[in-house]
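First comes the structure, then the notes that go with it.
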Amino acid sequence: ENISDFSLNITDCTQVVVPEEVFFTVAAAGILENLLILIAVVRNKNLHLPMYFFICSLAISDMLGSLYKTLENIFIILCKMGYLKRHGDFEKKLDDAMDSMFILSLLGSIFSLLAIAADRYITIFYALRYHNIMTLRRALAILAIIWAFCAGSSVAIALFSYEAATVIPFTILFPLMMFFILCLYVHMFLLARSHAKKIASLPSSTVHHRTNMKGAITLTIFLGVFLCCWAPFVLHILLARFCPHNPYCACYMSIFHVNGTLIMCNAIINPMIFAFRSPELRSTFKKMFYCSR
């Protein structure tokens, strides 16, 4: 808030304010859509597979991001109405808890995407041994490790977020993990291209290969959407830490609310991609809605 107030004094850029109604509408839509994904996977036993469990992990991360923005806006409204103090001890602890939830959402999304990418890689290049490599128990163990690490990291970063030494690793982790995933995808598609002729000679493997490549393309779409929605906010964190007094940085920070809205849009777009790319999920949704009627 202090940085935003200072930015108005050193730049001519008008601060873009997103109406609170838009925040709540987008956040509610994101929570409901991802909740549908979780219910669909739980109800359909055919979806009790490692890939869909990793997708559920991504859906939980998206829900946490939407919930964070919802609580943050409620907190701001209560402060404006005078029910909460801006710098009280209770409010400070509440703010740290919400920051921890935000970081947990970001880290959970990154590591869930990484797990899905690794799962697709194994599916494509180790198809015959996939069920031995990626068992259901192993997938659950991976998710438990991911969320334990993300929870511990989110608490540590939220408690020491005012230290530059903590902010730097946090902001470096985002591009580093994205670069690793991109390298994995490039390697995956290059190998798939080189093996295309060999696989095409086997009629029974062609359909299986196309299905796996469709899954890889879906994950590529996820990655692109994630970068578009989260990168502007991470850039805002960097600018707010390292050049808050620069007029150009202040001008970019004037669209803070827009960057926050993009994060919540990610939670809306991902379930749409799930439903559009997965026939099994579409079939499950239809059964759910017909039964409710």
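Every residue, even glycine, has its Cβ placed from backbone N, Cα and C.
These figures come from a predicted structure and were not determined experimentally.
Listed in TrEMBL:
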{"type": "DOMAIN", "residues": "33-274", "note": "domain 'G-protein coupled receptors family 1 profile'"}
{"type": "TRANSMEM", "residues": "22-42", "note": "transmembrane segment"}
{"type": "TRANSMEM", "residues": "49-68", "note": "transmembrane segment"}
{"type": "TRANSMEM", "residues": "102-128", "note": "transmembrane segment"}
{"type": "TRANSMEM", "residues": "140-162", "note": "transmembrane segment"}
{"type": "TRANSMEM", "residues": "168-192", "note": "transmembrane segment"}
{"type": "TRANSMEM", "residues": "213-235", "note": "transmembrane segment"}
{"type": "TRANSMEM", "residues": "255-276", "note": "transmembrane segment"}
Open item on the list: Please identify the stretch among 49-68, 102-128, 255-276 with the greatest number of Cβ pairs below 8 Å relative to the transmembrane segment (140-162).
Closed with: 102-128
Task: Residues from the same chain, set at least six apart from the ends of the transmembrane segment (49-68), whose C-beta lies under 8 A from its own - done: 26-28, 30-31, 34-35, 37-38, 41, 98, 101-102, 104-106, 108-109, 112-113, 115-116, 119-120, 123, 134-136, 138-140, 143, 146-147, 215, 222, 263-264, 266-267, 270-271, 274
